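Starting off with a structure, shown below.
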Amino acid sequence: MLQNLMLFFLGLVAQNLCSLPETTEQAKRCDKKAVLIMRTECQPCSLNFGTKCPDGYTKITNGTVGVRDCRYPFEVRTYTLSLPGCRHICRKDYLQPQCCPGHWGPDCMECPGGAHSPCSGRGSCAEGMEGNGSCSCQEGFGGTACENCADDNVFGPSCSAACPCVHGVCNSGIHGDGTCECFSGYTGPNCDKPIPACAALFCPENSRCSPSSKDEATLECKCLPNYKSDGKSCEPINPCSQNICHPHAWCTYLGPNRHSCTCQEGYRGDGQVCFPVDPCQVNFGNCPTDSSVCRYDGPGQSHCECREHYHNFVPGVGCSMTDVCESHNPCHRDAHCTTIAPGQTKCTCRKGYIGDGSRCYGNIMERLRELNTEPGGKWQGRLTSFISLLDKAYAWPLSNLGPFTLLLPTDKGLKGFNVKELLKDNEAARYFVKLHIIAGQMNTEQMATLQMKTFYTLTGKPGEIFNGDKDNQVKLKLYGGKKKVNIIQGNIIASNGLLHILDRAMDKVAPTFESNNEQTIMTMLQPRYSKFRSLLEETNMGHALDEDGVGGPYTIFVPSNEALNNMKDGALDYLLSSEGSRKLLELVRYHIVPFTQLEVATLISTPHIRSMANQVIRFNTTDNVGENSTLGVMTWVHFFSACDCSVDFPTRHQLTGLNSL
């Protein structure tokens, strides 16, 4: 079950891989609400009522057995049947992790320039959990946060005006106004007008000749651009003394009014803008994400920690998953425990058992013995008599075949029946217990809601279902029986069916047709089946069936006279003609299975078998009890009220019949 759930998470963005270094998570994270829908594993409807959804999920189909839209495998000996089952629909509301606008990476750090104005409003930030926080600046802008002009010779907020200085230094950049500071011997707004008289002024080192700021007609010596006067001489300007770089950057003096800003260790940027390096933002700090998380310790520093349910971190390798099955096995004693995910186990019932792993149920005979011997249990020591009958006559089918519904009378409910005499007669005991077995799984809910209130036992004997008026108990009665029986506890789960405990045993109605080990098949076919007997004689198959030897033993599916009468008009006459004799032989052989004796319980657990006509006969027990294929047996001969007798041999037919020992 749990493996079907993991598929929903493959496309989700990894979350909680790193801790949050600075601003509050509320300011950084803008998680998106989403819904996950999943279905539990298909299993028998009787078992599905108590099935739980995985942790964090809510059962939408609560209070029911779920939806009947699936099939589950049922293992019988060497093959597997596919049976209709139920599953639940589960819902989970969750938050898909997302960064708020202006943030990036698993830790949702602010973009350069700040979250409110990413990239200084002059570019786009690679934001989101998959982003790397880099700025793609608009044309004309540059810098880590697009805080500068890309060209040093432009100025203004749009970095679009070119500096006009011909022989001078321009006040450039985003915050510059484009004014010019002229070199020695030049003047004018654009420093393009020479001053010849400057040659006679003999300005000292690091100064220049230019018009006086008080009287432009007068020349004076001023400090060169990038120099400043200390009153006596012109000294180079050191920008680093003015804290021109980011607080987390080093300033390096490169010459007069020239410098370089370099972000300090643990920070990155262009020096004008520096932000802390979170190693967890890049490749998750080299922490293997499947088993460990990266923890931010400060600028440029982090460490790896094991995730919950992991231990023993190894650099470059990760952590080892803790085996919950070793430390705390939550599974049933008849289940295998597997740690499939961190802190999550999968409990799988052993072969021959069904359940969710936290509870596993054995076959019908095992469950009977559990109920009868459970210390302090409600049924302890109260089911002994019927168990002894089953052990005598029908334990193997109820342990190895199925599915069946067993109607189980208590010891008190068997009063009036001579159990000791039944135990002496194996055939009588077999018939009696089969009066208490139904093909397939029929729970009390189905019994209460069925439109056709009829069920068939493995003897072929039909019964009627009654809904309780006051006590809401389901009551049953065999046709031909006198008394109704009450189901006093229903829907007891077994791996190969269900058990319903009755307040008394079913009436021992006489079999419609009794077995006789001394008689041959042809002799046993009574008048109700005389037409099929005549077909056997017509094709000379009757003689072969009466003799031991090649082909025996046989299983024969015998249609009643009524079934043959319901054939299409003229079909039987055609088969009995010389022209249809070959088709008649094929029809008869289609109803015979050589080399095997298929008891009715075996038919229920057999998906198909090949007939003597080399055609496949398929067996099916339908959900509608009124339409169940109730198959009868006679050494082993099965009698049916419908015949697969059309000339073109359809592959499926609906059967109702009786069972003879």
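Cβ coordinates come from backbone N, Cα and C, glycine included.
Fair warning: this is a prediction, and the values are worked out from it, not measured in the lab.
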According to the record in TrEMBL, which candidate from Cys137, Cys159 pairs with Cys146 in a disulphide?
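Here TrEMBL pairs Cys146 in a disulfide with Cys137.
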Cβ under 8 Å, sequence separation of at least 6 from the ends of the domain 'EGF-like' (236-275): give me the contacting residues as numbers and ranges.
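Counting only partners 6 or more residues beyond its ends, the domain 'EGF-like' (236-275) has Cβ contacts under 8 Å with 109-110, 112-113, 143-145, 147-148, 206, 224-228, 298-301.
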Taking the Cβ of Cys180 (disulfide bond) as the centre, how many other Cβ atoms fall within a 10 Å radius?
22
Counting Cβ atoms within 10 Å across all protein chains shown, which of the disulfide-bonded residues Cys137, Cys146, Cys163, Cys182, Cys191 comes out on top?
Cys146
When the pLDDT values for the domain 'EGF-like' (155-192) are averaged, what is the result?
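Taking every residue in the domain 'EGF-like' (155-192) and averaging pLDDT yields 91.
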Sorry to bug you, but what's the C-alpha spacing from Cys163 (disulfide bond) to Cys182 (disulfide bond), rounded to the closest Å?
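The separation of the Cα atoms works out to 13 Å.
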Look up Cys191 (disulfide bond) in the DSSP assignment and reduce it to helix, strand or coil.
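In the DSSP reduction, Cys191 (disulfide bond) maps to coil.
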What is the separation, in Å, between the Cα atoms of Cys146 (disulfide bond) and Cys163 (disulfide bond)?
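That comes out at 20 Å between the alpha carbons.
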Cα distance, Cys191 (disulfide bond) to Cys180 (disulfide bond), nearest Å?
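With distance taken Cα to Cα, Cys191 (disulfide bond) is 7 Å from Cys180 (disulfide bond).
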So, in DSSP terms, is Cys146 (disulfide bond) helix, strand, or coil?
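Coil, per DSSP.
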